[in-house]
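Here is what Swiss-Prot says about this protein:
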- ASP14: active site, proton acceptor (ACT_SITE)
- HIS42: active site, proton donor (ACT_SITE)
- 13-19, 41-43, ARG306, 332-334, 415-417: GTP binding site (BINDING)
- ASP14, GLU15, GLY16, LYS17, ASN39, ALA40, GLY41, HIS42, THR130, ARG144, GLN225, THR240, ARG304: IMP binding site (BINDING)
- ASP14, GLY41: Mg(2+) binding site (BINDING)
- ALA300, THR301, THR302, GLY303, ARG304, LYS305, ARG306: substrate binding site (BINDING)
Amino acid sequence: MGKNVVVLGTQWGDEGKGKIVDLLTEQAKYVVRYQGGHNAGHTLVIDGDKTVLHLIPSGILRDNVKCIIGNGVVLAPDALMTEINMLKERGVPVEERLLISEACPLILPFHCALDMAREKARGNKAIGTTGRGIGPAYEDKVSRRGLRVGDLFNAELFAEKLKEVMAYHNFMLTEYYKCEAVDYEETLKDALAIADYLKSMCTDVSELLDQARKAGEPILFEGAQGTLLDIDHGTYPFVTSSNTTAGGVATGSGFGPRHLDYVLGIMKAYTTRVGAGPFPTELENEIGDYLGTKGHEFGATTGRKRRPGWLDIVAMKRAVQINSVSGFCLTKLDVLDGLEEVKICVGYQYPDGTVATTTPLAAEGYEQVTPVLETMPGWSETTFGATSVEQLPQAAMNYIKRLEELLETPIDIISTGPDRNETMILVNPFS
């Protein structure tokens, strides 16, 4: 029987999920996105050729894989078409490989306008959203006024629903935010123009996945962003608008949670965060600059500079707990090469001197703490491109072993470079 594997980020995103998903899809029949939207950026490097995907699952480059966008994903038709056209120019037969849930909420131009207007109005209290309409689209879903992909297939009813929701949002844009209204006729025309094309790729995702499971076909679920950005369990309100944790698989795809076999947590050997929000181990010094430069820490979606810091075990333990992590994939180990010492956060100290080994439940709590750091010897030798544990310096092996001890969870995969070949699979999640 095939296994059903979840791959998700355990930090604030940008952990290197795209490469690992691409590597593991060699063994999968289906790759499923279950949350987020085109705010995610997954970078794949294959034989030196870089491809950045935002919406379509990372398995799209493999001819043995069907890629699925589940109902938990908010879908921007224009962004989807841009990505499809980019892939088709590279010779990828997207229509043969991509399937979409009719229940995906649509991101339309007024969602993006609202997103940008709100961020501007927040001033120095801005959350740091990508401005791509993700949050407003999820809001419409929860308030039950949102339009879904399936609504496009009845033009008359879609036009009626669109008029109603745009009247509501344009009122907010013009009267509250003092911005221009979004044009209804243009929005309607653009949306309906690709209705038939989208319909050709739509399917009942829950039924398809259940039939695949019963047939013993391996399924890989691809998470976007990271655990600490989860709407419920992250550093609220500096979070995304979806459930980035393993629980989101069931709600975002219609796949039964009892049928998940393995949860692979992707963990960078240090930590980064992009945008605003608390970050206890942030390094605003020359070491932070070193990690940011060597790690090429710029967002794949926005191009924004990421904020680097030491690995935070307190936050990682919460990720293990929430996601039932079976094993970790450690990425960007090579970025630590050349440091005389490396540090790990093992506790949070509060102003009254108490030390906690569990995370707070909101941003305000994180802002009170200072990290309790454990120092380990660094290594001068390179780990870049290593393909076996025996090739690693002893100090790097000691670092990995210490992480496993602290997290009480094995590191089953080690990544030592951006290419899919620069990876050590110690335990195969699909085996």
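Glycine is no exception: its Cβ is also placed from the backbone N, Cα and C atoms.
The binding-site residues ASN39, GLY41, THR130, GLN225, ARG304, LYS305 include none with a CA atom within 10 A of the CA of LYS19 (GTP binding site). Note on proximity: among ASN39, THR130, GLN225, ARG304, ARG306, the binding-site residues of the record, the Cα nearest the residue listed as 'active site, proton acceptor' is that of GLN225. Of the candidate binding-site residues, THR43, LYS305, THR416, the one lying closest to GLN225 (IMP binding site) when CA atoms are compared is THR43. Every protein chain considered, the tally of other Cβ atoms within 10 Å of the Cβ of GLY13 (GTP binding site) stands at 30. Separation of the C-alpha atoms of GLY16 (GTP binding site) and ASN39 (IMP binding site): 15 Å, rounded to the nearest whole number. Taken residue by residue with DSSP, the residue listed as 'active site, proton acceptor' is part of neither helix nor strand, so it is coil. ARG306 (substrate binding site) counts 20 other C-beta atoms within 10 Å of its own C-beta, drawing on all protein chains shown. Taken residue by residue with DSSP, HIS42 (active site, proton donor) is part of a strand. GLY303 (substrate binding site) sits 10 Å from GLY41 (IMP binding site), counting Cα to Cα.
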